[in-house]
């Protein structure tokens, strides 16, 4: 997946401070955190390639799948960013998550929705991460989901809370856009390897000032010893689960390997064969071996042996180790028999039980022995359990001071000829000289007594001269050795002081960083409190202003209502008067009209009566006239 970039926000690359020692993880532990349970569930199923997380779990849920040569462990957390979650409940969820991710998570995958990520959610996310460790941000990778709205990547990156959390995670982020599962897995592995530690140690507790800081887990320091060709490198590969390791057989010096085994960070130091080397080389190599295990010291010496009878070289190697590291080394030693077949085979068990030399060796080491098949890893936990029990029993480890004290006492107390035996080569010369003397003593049985006395006297003088020469030689060697030990002790002391100063500076840096973070948190709290007070004051002032404005508006409305009521009353009274006046006028007009009507009615009535009377008179006159005419006519006719 191509990660989009904008402005100055670009993913950073972290390099280890020690490139020669790179962590080898057998397990990749990823913890899912975020503000959406459905989104976390979908991302978890996407990483696993199947629907493993189907419903919302009330507690942390763990699942694992094989991933190439590693084991992928995915831990889905419940909603840790809820605003109403209590501190005790949050700590309970964090403890469950730490328990499921033991010895500690490699990567925190922060699944975020850009458009929903607020300042409050950022603070809750920071609080949850700090409960794991102050260094949780160094192990965090941000996975931003595609926005529900069609907003661009640049617009999301301008969101202050999201921009700040990206900065706190050293700009490690991914944008869900055409993402592929293989690319996401590659980035998770890359993030885990970029950090200069294998996993995050989550043993956290509160100090006096209430801050949180990390309690680092101890490293388990083991020393593999044995003769050349015993299989130390093969045993180291089998224990660490690494196929490519530098072999000590190719070097005359100690070789250190590191890796995670069964949840523990294990440091393996291969000690080269010491038998047959000069005393000075033995001393120097033993001190170098112990120095590589500083500051904790050696927790266990593992003597690697094949399932075969002990050879003179095996016995000489064991004797050299005991003479160099003192007899107390047996209390910290366990025997490791390596095979390439079934370790439970009866023939192997019978050989270990029946061989007297092997049994005597095991008894001198407290009966601690393990038969390991270098082709399988099932017995590695048993091996580490044996080491753990030995550490508990012996109450500590084999320190550098113990070695130096033992070497000094050995050099001071042993006679000159015994000092020559430490490296093995001078021991051979001594034994050859003793055999020669014995042979010469046998030859003297055949010569006369006087010649025997003379020969013995000569040989005695010769032996005295040789002893004087050897004594002088060994005194010079002892003086040089003491000077060498003194120089190495001074160098070791200087190295110890330097490392102590580095640890002190680191502690001071951590304390300073913790105090700085505490100060930043306090300042942030004060700033937020001040902002909250300013916001509350502003809201109070706005509320008071709004109330004053509302009261003034109410008074104005009241005045307007009163004015309107008065005006309406006046209008009503005026209208009433006008209506009353109009009514009076109408009544007057009505009476006038009625009078006129009555008068006109009377007038017309009188007119009609007069007309009717006139008509009647006319008709009567006509009838009378007609009758008169007819009467006259009739009279004429007669």
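Placement of Cβ uses the backbone N, Cα and C atoms for every residue, glycine included.
Per TrEMBL, the stretch carrying the note region 'Disordered' among 1-21, 22-42 is 1-21. In the region 'Disordered' (489-560), the DSSP tally of helix, strand and coil residues is 72 helix, 0 strand, 0 coil. This prediction places the mean pLDDT of the domain 'AIG1-type G' (217-419) at 78.
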